[in-house]
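A quick write-up on the structure given underneath.
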């Protein structure tokens, strides 16, 4: 499995065009689900949303099989809907989830505390700013819902923040992908980006594993 994954990454210049031609809608759909899951599921803060946006922004610069405008629109919608769902989970079930003896194990108390501190410090604008802080991005809308923030106020910051986050990160990748040095060394550069993107996930999973062992 790992060999197939590495082979795919190292041959993106040939596999990507064919994949997009044959499964373009599926690729956009999978990206939509990944961004939605990171922003909408309070138990999935480990998903590498920033890296996904940056990577596929870079790929859009390398080959026109990925449309940067379509990418931004689709993933902005995913990010906005994700936070909207997350907000209402916090609004209606937040306290019960945080205090539940089993479900609370899926929510990092330390991350929730950081999110609550961040929200208390910045107020409503934390919904916008939290988009750009990977550690607490998933928890901020959940915290906003728990705090009793008005849904209309939340949606204002949610829409602006979601679009801004997707645009800035995807376009950063797009401009990065247009740098001559990157174009000339595209495969190794993409491999490094993918490798770096797995670090937060690995760290989170290891921390959860150690915390679970310590609680025994």
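Residue numbers in this text run from 1 along the chain shown.
Each residue, glycine too, has its Cβ placed from N, Cα and C.
The transmembrane segment feature in TrEMBL is assigned to 25-47 (among others).
Annotation comment: TrEMBL describes 47-173 as domain 'VTT'.
Nonlocal intrachain contacts for the transmembrane segment (68-89), taken as residues 6+ away from its ends with a CB within less than 8 angstroms of a stretch CB, comprise 28, 31-33, 35-42, 49, 53, 56-57, 60-61, 97, 127, 131, 138, 141-142, 144-145, 149, 151, 154-155, 158-159, 161-163, 165-167, 170-171, 174. Annotation comment: TrEMBL describes 68-89 (among others) as transmembrane segment.
Residues 35, 39, 50, 53-61, 68, 71-72, 75-76, 79-80, 83-84, 87, 124-125, 127-132, 141, 182 of the same chain, all 6+ positions outside the transmembrane segment (157-176), place their C-beta atoms under 8 angstroms from a C-beta of that stretch. For 157-176 (among others), the entry in TrEMBL reads transmembrane segment.
Residues or ranges marked as transmembrane segment in TrEMBL: 188-206 (among others).
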Task: Other parts of the chain folded back onto the transmembrane segment (25-47), taken as Cβ under 8 Å at six or more residues beyond its ends - done: 19, 53, 56, 66, 70-71, 74-75, 77-79, 81-86, 89-90, 97, 106-108, 111, 135-139, 141-142, 162, 166, 200-201, 204-205
